[in-house]
Structures are given as C-alpha cells and as structure tokens.
C-alpha cells in the first residue's frame, strides 16, 4: 500500500515539493537562499502579527505605541528587534538569491524569474510602508519624499499623490492606509511564493554547471532538508546576534525623534537596502528622469533573459563575464555607499558614473561579452 504522503491530495503536493522532489546532486550553498527567504517571510509574518496586536495606527499614538511595545509588552523589545532586523536579513537573502540567479543563468526559467522580480518589488513596497509605521522623523520624511516622487507623473501626478496621501500632506489617513498595506502585502507575497515554486517545479532547479542534471538527481529529503536546516540555524544565529547585541546598528538615529512636519532632518535617506536605488534616483537632475531610472534599476532584471547572448547558461566557465558580474556587484556596493552620502562633490559624480555603469553592464557589456565568448569558442 502506498504511503499516505503519496496518496492524500494535500500531502501529495507537500511531498512533491519537499520530500520526493528530484534535486540536482551538485547544487551549492547558493541554492539555500530560497528556503532562507521562506524562513524570513514566516518569521516576519509571525513577529509582525504580534506587533500588530499592540500597535496603534494613529499619528497621535503610533510612536508611543512602539515605545510601549518595547518597554511594557512581554518580550516586546525582542519581537520588535527581530522584526526590524529580520527585514535587513530578508533583503540580504533576496539580493544574494537574485545574484545567484544572475550568475548561474537561473533567469532562463522566464516565468519563475519574472514572478521573482514581482516578488522583489512587493517586498520592497512592504518594507517601505513598514518603515513609515513607527512615525519617527525618518519615517515621516521618507514617506513624504518617496510618495512625492509620483507627482512627476505627467498630467495626473499631483492628483495621484494626494490620492495616496488621503489629503494634502502625509497625515493620519496616510499612516492608517500604510498600516493596512503593510498587513496585507505579506499574504500576497506568500501567495506569489507558491506560484514562484509552482513554476520552478515545472522545470526543476538549475545547477552550477548550467547543463542538464536529469541523469544525476537525488530526493530532496533527507539530503537538502538537512542542508536547508543548517542554513536556518546559521541565519537565526546571525539574526539573534544582531537583534540582541546591536539592534539599532542598521537603523537611523533620527527615527528615535517623533515625526515633526516642521523640522526636516539634515539627510533624508531610506534604510540601507534601498540606498543603491536611491543613489540612482538622485544621480539624475530631472525629477521624472530620476523616477524612471529608479523603476528601471529594478525592472531591468525582467529584460535580463532577453539579453542573454551566450550559448552557455551560467558563468561557471565564462571568465570574462565573471569579471563583469563582480564589477556589477562592486558597482551596487558603491551605489549603496553613495546613497547614504550627502549630495555634494565628489559623491554626485561618483553616483552618476556608477549609475551609468549599472545600466551599461546589463544592457551592453554583459550581452556583448557573451557574444564575444561564443565567437572565441567558434559557437556562433
């Protein structure tokens, strides 16, 4: 008689995704980040749920309700620190996951990749509206500056901004709706994750070599379940160290000051994980141009599959493109640094050069090098 996990309608789905899934034997630790992202999402939903039980989405009490959570609620400080720093770890895993996809050619699974890019956008939106909730100075001014960018949309811009604000400035209506969005989005993300996995399991995972692994697969359980559990332990340990020893390391000191519409902070900047996109936005002197560049910096990932010129899938055997990939990584690091710097010489010029290089690598250098490598190997 067949096992229940293979016959029961619900358990069969879980079994095919987590137990009997044929998995390439040679996938490295870079393939761990998908499951780590799942762990981050679950952790964020759970901690967020407990925070929402004590938080009040009202400008008069939002800031003090967060202080109340940290001071008076049992382990409230712990839940808050895990939630705030969990977001940072979420983005670390996200960027590493995307980087792995770019390096090993995972983007050639187009449906999986495009849903992944949509997921990235959704997580970024969720993090943005979540950052507004404590109603500190950086929360308020971050919300004001970023939502104001929509006024650059021709013809309907100003109406659009007022519609999002629910008034003529960032006020109580804005905070209330941002809380509603911040509560809703993670569940939409969870649904999209299921779609992401559905499309992934249509094709199976790629592997570091970029060639078919159909001849050499092993069951997901126990091999990769234990490998993933090891990753979970490392992630939770690192998150615990950050949340318990230096919970405010990645935050902004300005956010300990309650929001004040009459006082502008000297340097308005988002959380570290948005700084690269913020640097690209700031490097263009025109408002609409900056907004379009900001969008393009993420949406460019959607055109990566269309710009794949090489006859090889990944970069494992392509040293020239490897150099360009690591140049891209360094470029994003430079943009992240520039995004946190004041708008003055020489940071403006460095930001503009790094922004041009960012798009040039995706659109020109990497496709051209792929073509050149084909020529060198006489594979054209």
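The backbone N, Cα and C atoms fix where each Cβ goes, glycine too.
Checking Swiss-Prot for transmembrane segment across the ranges 136-156, 157-177, 178-198 points to 178-198. Counting other Cβ atoms within 10 Å of each Cβ, the lowest count among the binding-site residues 182, 196, 201 belongs to 201. Note on the transmembrane segment (178-198): residues 17, 38, 41, 44-45, 48, 52, 55, 57, 112, 115-116, 118-119, 122-123, 125-126, 129-130, 132-133, 143 of its chain, located 6 or more positions outside it, place their CB under 8 angstroms from a CB of the stretch. Spatially, the transmembrane segment (288-308) is not adjacent to the transmembrane segment (33-53); fewer than three Cβ-Cβ distances between them are under 8 Å for residues at least 6 apart in sequence.
Just so you know, the Cβ of residue 83 (heme b b562 binding site) picks up 21 other Cβ atoms within 10 Å once every protein chain is counted. Of the ranges 33-53, 113-133, 226-246, 320-340, the one with the most Cβ pairs under 8 Å to the transmembrane segment (77-98) is 33-53. Scored by C-beta pairs under 8 angstroms, the transmembrane segment (33-53) has its highest count with 226-246, from the stretches 113-133, 226-246, 320-340. Counting only the Cα atoms, the space from residue 196 (heme b b566 binding site) to residue 182 (heme b b562 binding site) is about 21 angstrom.
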